[in-house]
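Beneath this line is the structure, given in structure tokens, with notes to follow.
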């Protein structure tokens, strides 16, 4: 569901110029995340992100035991593929019309503009006029993805911690997480498109590769698809470690 909403708004912004501003896209992403959490929390604990699930297995094994990790990962990545395929089916004619109008040949270098509706790239192709490729190296992109996912994980642990005095009812938790995602997208999308979720990136990226984008999707023009898998899976555990080191001890006093 995250991919349905999130990739959907990126498709809309890319192909129609509606909701084309960064904040508009970030807001829809944030609300999409909140709605997905609301719909799945009672069934799966809203484990929609492989990086977050990894951090829970490492630092909250009583809540999320290791034996669940691989099945959840399989479901998360499969969901990413299905969400990407649904968006391709819905927006397919618009992609064809846009490519014909702009002279884009799918699978060639210029098609990264449309491929970016499915997977992430560094820097964001939508900001090519202001952020040149030389401004974001693979190492830089990896650090951004790790940092953003770490911040997200830190916030998740903070808002679900029952010892936090400012936290009220659980019904607002999905929206707090969604707000965090929206803020992070607004800050860092020009650099890496703000992935934070390996399933959100790699699932739709597979769809794009099979739909004609080929090597533009995988491995990508700079062979950088791995950044959006590895970066979040480094960052989320580090975010959990930071929370347990810096905040959690003070709550026990």
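Cβ from N, Cα, C; glycine included.
Keep in mind that TrEMBL annotations are predicted by a computer and have not been checked by a curator.
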To which of the residue ranges 172-191, 192-211, 212-231 does TrEMBL assign the term transmembrane segment?
-> 172-191
Range from 28-48, 69-91, 139-160 with most C-beta pairs under 8 A to the transmembrane segment (172-191) | 28-48
